[in-house]
Structures are given as C-alpha cells and as structure tokens.
C-alpha cells in the first residue's frame, strides 16, 4: 500500500501507534496542534511546521522576507491555539549550494521581524545542503492551561477570531500570474503570504476557551478535528459566518462562491474555539458562528434548512 | 555571493548574527551541539539533525530500520556530548506520495527501537508531502551541568571514547556496490548505517568533562570547534590514536592510510572530550589521545616530530 492511499491522517494514525508515549510528564502527545510536557511544574508546548519549496511555496511567488515571517507565524499560531505564548524556536534549514546569500539573509530578516513581533527568539539551528529551500521550525511555548481539540462541550458557543477564505483567494490570485493586480487583490495575496497569528488572543484562549484550533487546513477541515476529538456535534449558522469585503469582491469578479472559500480555504491562521456561555463576553471582537451539541458531525444551518458538511480539509499528502 | 562560497560555518556565522538571543533564561544559544534553556531550574537541551535522501543517505543503500535508528542516534549523540540524557523528541517527516507504507513503517520501527535503547520518546510530529524522504528530528534533553565546546582548559587530557574512521570506510565500501563483502567489511558498513551514540558515558561527561563534542564531521574537524571555542592548542599523539583492526584490514586491502580515516572520517558518533588530570581515572575504557595546551591550532606529535594539522572537516554545504 502506498502512503497516498492512506491519506495524511490515516498515515499519522498508523505511525503514531508505533511510537507509544508512556512518560508521565508528557501531558499531551500526538494528536493536537502541540505536544505538552510538564517540566518542574511549567507546561511547555512543542510544535513544528515546515515550508518546503515546491510544496508549500513557490520561490518566485513569495518574497523571502514574507516566507521567513510566515514560517514563524504558522508555528506561533499552533502555540496560541493551545493557549500558549511562544518562547524558544529552533530552526532547521536547507538550501541549494547555488542560493544567493542575499536571498537567505532576507528570509532570516523576515524571521527576525516575526520573532520580535511575537516576542519569541530562535536560539539554535541546523544547516544542511538540499536540492530545494527547506525551512523547518520547531517552536516551544508556555501555558498555564493546555487548550486543545478535545475540550469542546455540549452547550459551548463556537467562535471564530476573524475572516477566513482570504488566504486561498490570495493563493489563487498569485497563481493567475497577472501583470497587474487591483488593490483588493493585493490585500488578499498579502493575507496568503504574510499571515498574522492571533497572539493577541493567547491569554484569553488560555483563560476562557474549552477547545481551540487554528484554521490552517480550512475551517471545516479543522473543526473536524475538534468534532472527532471532543466527540461532539458542531452546528454552524451560515448567516453568522463573516464574509470579508475583499473576498466578496474577488468572488464577484471571478464568479466564485464565497462560502466555498470561507468553509474550505486553508492557511488563514485565525482561531476557531468554543467557550461556555458565561465567557462569551470576553471575545467581543470575534464572531459567534455556531454552537456545540450532543452527537457527531458538522452541520450548516441556513435559515430553516440544515445540511451535514463534508469534512474535506487540505491534506498535505 | 552564493552560500557555497561562504561555506557551512561562514553561512551559520552570518545568519546567527541576525537572530540575536537576549532571553536571560537561554543558557546557551547558537554555536554548540545543543542549545540550553533554564526552565524553572531544570537545564533543558535542544538539538536537531536531519536525514535527507540524496544528501545524507541513499535510499537503496540503507535499510529503513537502520535509517530510523541512525536518525535518533545522531541526535542523542548531540545531547550526550553536552552532558545530557535525551528526553522528548519531535519528528518532522516528508515522503513522496508514492512511498510504500511498509518502508515508512520500517523507518518508524527503527526509530522506536532506538528510542527504547536510549530511553527517550517521540511525543509529537508533523507530516508533509515531499519529493524525497526527509526526516528531521528535534530532540530535547536534560542535564545538571552543560558541557560544551568552550570549556577545554590548559592541562586537560584529551580523551576519545572509541574508534574513529570506521564509518567513512563503511560508506566507501557501500559506494563500491560490491556483490559480496567480507565479514570485516560488513562490520564497517554497519558502523556507518547503525551508529550507536555513547549514552553510557552521559553521566560521566556531565560530572567530569570540561569540554566535549561528538565526532560527526571528523575528529580534527570537530576538535577544531573545541580549539576555537575554548581558545586553546590541542596536541594529539599519533601513537595513542586507536586503530581498529577492521580499519587496518580495510586500509591494507585498499591501500589506504588509516590515519586519514581516523583523523578526518566523519559520522562516528564517538565522543572526544577533555578532563582535568584528577578525573582521568573515570574513563578507563577510553583512549587518552592528547593534551590541551596554551595557544592555538591542532598538532599531531609523531615520535619527536610535531606537525600542525589542517582543520578540514565535513561541511554540509
């Protein structure tokens, strides 16, 4: 059997069953945005995410500064979604020997900008020769309470921290290879190339969220992890899903359905989380988009009709 | 300027100057086998090392179980060389979609065997699609005292934990594509494909070594890091350098100079360390191969003649 026949999540399930975790100081192992270890009473988070040329980015389609920024941001996003703040990063890089030093330097400047913004530091690394640009970041973080995919409870409100679908629209625009882009198109492209992790919500997620995940594989794909890990049913209300004006313009211009982007577009790095009713006031600037119920599956309520959504997400294999 | 013109270490120097570390809990940042952070009084070590198909291994030349074993071992070796014991690993993998699951499974079984042997656990990971097999491990460890490249002192004895040069001989044998190998050749190949990190010395290194590094880039290449970081002169005695019988057979058969392998062969994952005279008795089963003096450079003493050695090491770029 080939691994493409198993799918990304099927593969992960089989592989993690080989690597059993028994250390009692490991609070969370495989299966969430971060692993978590108790070190002398501190909850330390671990995550990693890679940017591989040709798979996650095209060299001629993203500025090296943005690439460096994005690498840090997508990892910070995983830490934040577990209720943490980022602390120490470790960078593993590979470049073809013919790479211009200026190009590499710009990636590092982008990483440094992002580290300053998120108040984190890269403290070590490893360098190798490679046939394509390879940037693999390992990031640690701290939290007082691990928030993950498992904690969604019946009766919780489902909250989205911002707009989704913009990054996918931006990616499609990039791949159109247009000579000139309109202003709203440039903004959508920027949403794809320079995402911002929601570090501003870190403390509130830690204090008040029952479950949380970041929107990297698409809203429904990621909510599928929450639904299965928490064994709950999730009901979205279509009228509550925020549609960004730029996405509206994009969809009008190119005859697309915005909800296809909002529900299934990936790489937005917004947070989708669930909170109890009494904590909903802490999230004034976010969107309440649905609720958690007993049962299973993800449903979209549109007026009086309700339909079950297919949990397709972006799979990397 | 292209990065190949800078060399691996020139590149690293320039890049790390961009990523300045100011966090006071970071005990050691860039520039050693591991970084080290103080978390609530615990000294936590961080390292990472990658195995990239076509760069670090050839798929048809190493059994997948050995590849998994080697990935863990080379990272454990970095932890041990800083006086630590390995604790939690985090694995980032990439495979072409057409890869057979059996192949991937065997790599993971090799990793698991190594984890059991070294008493460490992989607690999380990330999976991606890739054009070649990519295995990037991020390993943490613990120590009571950080031992690194900087602590070598004038008057120290220079100690080597075991034989070197075997791995390079094994690699050359592998690349000969012979149909049949003699027994000693098979053992040399195994030294290359299934190295064992010196976890047995971890506690002694932590307690008694003033400096330590593992032999990954070659004895002289790695001693060069110690010499420069510690600002000392290192003098080796040729008659004290251990020559393994299998290497002797190899060099006789193929008309090679064993000292070229012993001094400059890489990937042995033995430890070379320095200790004060009063601690030398703790290392009965190791080889005292030289001494640390005031000055700079690495010298080889052969009878009454002494020559300065060129500090060439294996560079990955």
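Placed from the backbone N, Cα and C atoms, the Cβ positions cover glycine too.
Bear in mind that the values here come from a model prediction, so they are computed numbers and not experimental data.
Per TrEMBL, Mg(2+) 3 is bound by B:33, B:214; the candidate from B:78, B:257, B:268 named for the same site is B:78. Of the chain residues outside the Mg(2+) 4 site list B:33, B:47, B:78, B:32, B:34, B:45, B:49, B:75, B:77, B:79, B:81, B:82, B:139, B:214 have their Cβ within 8 Å of the site's Cβ mean position. On the backbone, the CA of residue B:125 (ATP binding site) and the CA of residue B:56 (substrate binding site) stand 21 Å apart. Reported as a whole number, the C-alpha separation between residue B:78 (Mg(2+) 3 binding site) and residue B:48 (Mg(2+) 1 binding site) equals 9 Å. Closest to residue B:149 (ATP binding site) by Cα-Cα distance, out of the binding-site residues B:33, B:126, B:217, is B:33. Checking the binding-site residues (B:33, B:56, B:126, B:214, B:216) against residue B:47 (Mg(2+) 4 binding site) with a 10 Å Cα-Cα cut-off leaves B:33.
Within the same chain, residues at least six positions away from residue B:214 (Mg(2+) 3 binding site) with a Cβ under 8 Å of its Cβ are B:33, B:77, B:78, B:80, B:81, B:197, B:198, B:222, B:269, B:270, B:271, B:272. Residue B:267 (substrate binding site) is 26 Å away from residue B:126 (Mg(2+) 1 binding site) when you measure Cα to Cα. In the three-state DSSP classification, residue B:126 (Mg(2+) 1 binding site) falls within a strand. If you take the Cα of residue B:108 (ATP binding site) and the Cα of residue B:56 (substrate binding site), they are about 18 angstrom apart, rounded to a whole number.
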